[in-house]
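Participant: Have a look at this one.
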Amino acid sequence: MRSRILAIVFAARHVAALPLAAEDAAATLSLTSSASSTTVLPSPTQYTLPNNDPNQGARNASIARKRELFLYGPSTLGQTTFYPTGELGNNISARDVLLWRQDAANQTATAYREANETFADITSRGGFKTLDDFALLYNGHWKESVPEGISKGMLSNCTSDLLFSMERLSSNPYVLKRLHPTKDKLPFSVESKVVKKLTATTLEALHKGGRLFLVDHSYQKKYTPQPGRYAAACQGLFYLDARSNQFLPLAIKTNVGVDLTYTPLDDKDDWLLAKIMFNNNDLFYSQMYHVLFHTIPEIVHEAAFRTLSDRHPVMGVLNRLMYQAYAIRPVGGAVLFNPGGFWDQNFGLPASAAIDFPGSVYAQGGGGFQAGYLEKDLRSRGLIGEDSGPRLPHFPFYEDAHRLIGAIRRFMQAFVDSTYGADDGDDGALLRDYELQNWIAEANGPAQVRDFPAAPLRRRAQLVDVLTHVAWITGGAHHVMNQGSPVKFSGVLPLHPAALYAPIPTAKGATGNGTRAGLLAWLPNERQAVEQVSLLARFNRAQVGDRKQTVRDAFAAPDLLAGNGPGYAAANARFVEDTGRISREIAGRGFDGKGLSQGMPFVWTALNPAVNPFFLSV
């Protein structure tokens, strides 16, 4: 009985009390009966390092008890990192599910209501007769669930090759790589005269000059689409044009059936279909690759939870960043990736493929913690640095991410310095913090965190890196690919369908002229389109501003401000100021005299810290 009470106490810490009805308990994944009587103890009134705690014995006993009750369980939603189990782990999972349901309830109800209104409006206007009619999906609709609306230019410029290519440098930057002039081979050939006409040079010269880039979704060929739906497994070649200095598409290869290769010189509808097929693959990738942005911070937090006292300053910050984090896998398994669930209802490839994909990435070495540091990752793919080719003239994702991470890093540096004392060149305070060192050892040991800094942690810069990366994932990287991004950018129809509804062509010229017998045959019908937008709208979190849950609010929890002293409060004030400046610049974006924003014919705002939640929201 005592262990059950302790589990509930630990699970409730840092979370406001929630009244749980019996039906909620029954509906939330076998919530234990004792959780319905959860009481909440206050968060620590003072965060302190273990060596400064006057009650180290009780502190150590509390950690030992957590280790007994919070265990590493099997991975769920693909074979990646451990998911919590044990009495405390199960209670925390159930607690987070309830928090998630509470946060999502209004968004879900609003999106469903707006979906019904949108469908009624579309049908009253005669439905989709041309591609232009997809504007009926958005014009005047989704004002509450997606108050910022879809990206300016995403509809009006949807046939633009520059829009298509620049999405790789903004909405989905995690799959693009530059082909190294000597280390990478050309993935497929493109007819020489076509390359010459498009680029005024040769494919080999582009490669040798470091001007050739690849997105490879050929791995999707191993998955079988659902009945009545279809999918290619596209590879896309892109190039940096030496004349215009623009990043442009060169060719798309389908890798299925007769394996057609399309280029911008093809019939305009054939080429547009190729881009649609590519984007269908890309949407699958972004939605399932982002699962790693859940599992990586989860396992880092799990290791910390088993080794750090709740009174440790670092634990306080990590708990804040991991608000409701353990809801996503059980909720996803229950309603999104279950057979016939929301995924199967909307996407071409089945939920079984979606679950398999992140595990496949992880099995092939993906999901490394330090490898995911922003600049290290981008440099490894040749997107920054000039070792393998000329600099990209515009890289919207990196431009915004670099500034946001800079603000996070400044906060974390000040937080670490205020916690461990002014940095005088002696980082011995880190080595004396046995809880911190136990965390690093746990992460490298039982937790099996891939590519985590080695134990012992000797330099506070390493700790700053770790904390910065966790906060960047929860409040930045995740939202580039999920949260509000799909409904505003990467999932906007007609260019980004979740499923294709006609077979992949066996010859060019099969697209007609944009009538229902042409391109519309591959695209969702009116009801399917509304269902796609509704699902993606439910990923958005429109209320976080009113709830003080944005990235700007990440470190402003009252218990953290009260329990960490004036240095922490000053760091938070600086962070709020920095992110406010970033937010105002992003929110104020529009088109320049050339009709471009950050070099793109659409306005990208996915990293606005005053709009995004600070946590892993969905």
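Cβ atoms are placed via backbone N, Cα and C, with glycine included.
The model shown is predicted, which means the values in this text are computed figures rather than measured ones.
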Participant: Given Swiss-Prot annotates HIS290, HIS294, HIS478, ASN482 as Mn(2+)-binding, which of VAL146, VAL611, VAL618 belongs to that site as well?
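Facilitator: Mn(2+) site check in Swiss-Prot: besides HIS290, HIS294, HIS478, ASN482, the record includes VAL618 out of VAL146, VAL611, VAL618.
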Participant: Here are some glycosylation sites: ASN91, ASN106, ASN157. Which one has the most Cβ atoms within 10 Å of its Cβ?
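Facilitator: In terms of Cβ crowding, the pick is ASN91.
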Participant: I need to check the long-range neighbours of the compositional bias 'Polar residues' (46-58): which residues 6 or more away from its ends have a CB within less than 8 Å of a CB in the stretch?
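Facilitator: For the compositional bias 'Polar residues' (46-58), the list is 309, 311-313, 316, 419-420, 429, 432-435, 560, 563-564.
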Participant: Among ASN60, ASN116, the glycosylation sites in question, whose Cβ has the most other Cβ atoms within 10 Å in this structure?
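Facilitator: When each Cβ's neighbours within 10 Å are tallied, ASN60 leads.
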Participant: Reduced to three states, what secondary structure does DSSP give ASN60 (N-linked glycosylation site)?
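Facilitator: For ASN60 (N-linked glycosylation site) - judged by DSSP and reduced to three states - the answer is helix.
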Participant: Of the glycosylation sites ASN91, ASN106, ASN116, which one sits closest to ASN60 (N-linked glycosylation site) when you measure Cα to Cα?
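Facilitator: That would be ASN91, the closest of ASN91, ASN106, ASN116 to ASN60 (N-linked glycosylation site).
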